[in-house]
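Pulled from Swiss-Prot:
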BINDING   ASN217, MET246, TYR275, HIS311, SER331, ARG332, GLY333, ASP372, GLY373, LEU374, ARG375, GLU411, TYR438  substrate binding site
BINDING   HIS415, HIS479  Zn(2+) binding site
BINDING   CYS559, CYS562, CYS567  [4Fe-4S] cluster binding site
Amino acid sequence: MNLVKPLAAAPSVTQGPLPASRKVYKPGDIHPDIRVPMREIALHPTSGEPPVTVYDSSGPYTIENADIRIDAGLPRLRSDWVLKRGDVESYDGRAVKAEDNGFATGERLTPEFPVRNRPLRAKPGKAVTQLAYARAGIVTPEMEFIAIRENLGRKAAKEALARDGESFGASVPDFVTPEFVRQEVAAGRAIIPANINHPEAEPMIIGRNFLVKINANIGNSAVTSSMAEEVEKMVWATRWGADTVMDLSTGRNIHNIREWIIRNSPVPIGTVPLYQALEKVNGIAEDLSWEVFRDTLIEQAEQGVDYFTIHAGVRLHYIPLTVDRVTGIVSRGGSIMAKWCLHHHRESFLYEHFEDICDICRAYDVSFSLGDGLRPGSIADANDRAQFAELETLGELTKIAWAKDCQVMIEGPGHVPMHKIKENMDKQLAVCGEAPFYTLGPLTTDIAPGYDHITSGIGAAMIGWFGTAMLCYVTPKEHLGLPDRNDVKTGVITYKIAAHAADLAKGHPAARTRDDALSRARFEFRWEDQFNLSLDPETARNFHDETLPKEAHKVAHFCSMCGPKFCSMRISHDIRAEAQKEGLEAMAAKYRDGGDLYMPLDQSNAAPAGE
């Protein structure tokens with residue numbers, strides 16, 4: 001480990017627990033040294049209920065009074081796990097070059113991260129991927145960590161749980177065991193994105209037989225943003241529930257900004273290496289080469305990028321299929337490779353060198369996210385020949401990657417109307433061997449710029465129910481501009497709703513716990529518990545307090561929507577109390593004879609005087 005000259009003042013980020021919450025840790029059994037983080041939400045003492053345990057991806061940032069120093073990075077919790085396997089070696093790594101940061105100099109150059117760690121790679125002939133270990137029958141600490149995390153702290157039930165949902169062929173177990181995690185990874189149905197050079201990340205899994213995950217995109221552009229802003233966006237996104245973060249930076253300082261993000265990220269980080277490679281050739285797509293791209297892959301793998309989006313499915317003879325589209329090729333990576341292919345009139349270097357890319361990924365355990373460069377950018381283009389031709393190629397590439405012990409997920413659309421969404425899921429499962437699907441939405445209509453987090457949230461909930469393993473968020477700024485901090489939160493919350501709705505619909509055994517707890521709090525007028533159990537406690541509280549701001553209103557048996565006389569839940573309480581007093585049968589007879597709820601026909605038809 002080498003130290004670089006520290007910053008005069010390191011940037012600060014959002015810290016502190018969410019309301020009524022505390023971080024708790026569950027130990028491992030196979031690997032007793034692991035500590036799996038979760039969030040406990042305390043309920044009001046009058047509820048008589050235990051705290052509600054929820055999945056937590058926020059890392060140390062939500063620990064009470066945590067000592068966080070961005071210029072030091074997070075604890076390297078997986079380092080010992082990686083080294084104990086005995087199949088890696090440390091080395092000096094490549095030197096940082098001027099082109100790595102877009103030739104930025106002087107005050108325009110983002111400072112280097114103060115700590116340099118020697119990168120690790122596989123020893124010759126070894127594959128250090130979670131897939132290789134799973135196939136060898138090894139239950140890694142990462143796998144046990146994930147099993148505990150997916151169970152949300154639950155113990156195995158003695159009897160089968162009652163299930164309510166339609167899983168469309170998914171096999172979500174009542175209780176996730178480390179062995180189940182191993183089997184799913186070995187079969188290619190799930191991935192654990194965990195680069196050996198990103199030991200700060202807490203292990204998580206992406207697969208349709210697990211909780212639906214969400215990704216948040218961040219990154220600078222040639223126009224705006226800085227290192228401090230991007231690190232804060234990452235912390236902010238994970239605070240609200242992002243399971244992974246993609247750094248899609250396209251401007252200067254890509255290398256240095258990414259280093260700051262990775263060293264401080266408790267979740268896997270993904271990238272599109274093509275973006276940085278393009279910066280290295282001054283933005284001229286035709287000047288891209290395998291040599292430049294290969295160097296970029298190694299650079300990012302050494303830093304600790306956990307998954308690469310690789311647009312290797314854009315083949316030369318597919319490009320003419322996009323000519324008659326309404327919106328052509330909308331993927332940045334797809335359009336870059338299409339331009340390169342047409343200029344050189346040959347298959348892309350990503351396709352021709354795919355096995356070489358696999359060799360790099362298996363040496364660092366970088367997972368593939370096979371990019372959908374020909375995804376539809378409008379509902380008019382959904383499910384067309386170009387889209388599905390590329391998908392079939394991605395299925396072929398998946399088999400090549402699996403043969404090299406590389407982990408793979410498949411990226412999906414895009415813009416798809418509701419009635420065409422399930423066809424996407426069914427076809428992906430069929431042609432890609434059930435590799436995890438990772439979709440951008442899809443957006444279900446094109447008429448709502450400024451509200452595309454909603455148009456896409458609809459599609460995301462549907463395709464998550466049908467089997468998509470991870471949903472890439474869309475913010476209100478989609479198609480309009482670079483999202484800021486508030487947009488990131490809106491996008492994450494929207495997609496947490498979609499993912500959770502999908503888990504409920506699939507019948508995930510732990511999904512309803514939080515819903516039921518909030519519903520009971522709502523019925524019992526426990527306002528503080530309602531706020532604290534929600535995905536966004538601050539917004540829930542603020543909306544309530546806009547009209548009923550006094551502390552006395554936090555125990556009131558009504559809200560400003562109905563007021564005290566028309567609150568349906570208050571009336572339900574009265575009905576329940578009277579029913580318990582007189583007996584249900586007597587109450588039913590009373591109402592049939594013309595009680596408060598049912599009136600005889602002649603009375604109900606009689607108009608009051610004066611009308």
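The backbone N, Cα and C atoms fix where each Cβ goes, glycine too.
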Run through the Cβ atoms and count how many others sit within 10 Å of the one on ARG375 (substrate binding site).
26
Highest Cβ count within 10 Å among the binding-site residues GLY333, GLY373: which residue is it?
GLY373
Could you give the Cα-Cα distance between TYR275 (substrate binding site) and HIS415 (Zn(2+) binding site), in whole Å?
23
Using Cβ atoms only, which residues of the same chain lie under 8 Å from HIS415 (Zn(2+) binding site) while being at least 6 residues apart in sequence?
THR327, ARG375, PRO376, GLY377, SER378, ILE379, ASP381, ALA382, GLY441, PRO442, LEU443, ASP446
Quick one: pull the CA-CA distance for SER331 (substrate binding site) versus HIS479 (Zn(2+) binding site), whole Å only.
12
CB contacts for ASN217 (substrate binding site) [other CB atoms within 10 A, all chains]:
22
Using the residues the record lists for substrate (ASN217, MET246, TYR275, HIS311, SER331, ARG332, GLY333, ASP372, GLY373, LEU374, ARG375, GLU411, TYR438), what whole-number Å value is the largest Cα to Cα distance?
20
Which one of these binding-site residues has the most other Cβ atoms within 10 Å of its own Cβ: TYR275, TYR438?
TYR438
Between HIS479 (Zn(2+) binding site) and ASN217 (substrate binding site), how many Å separate their Cα atoms?
14
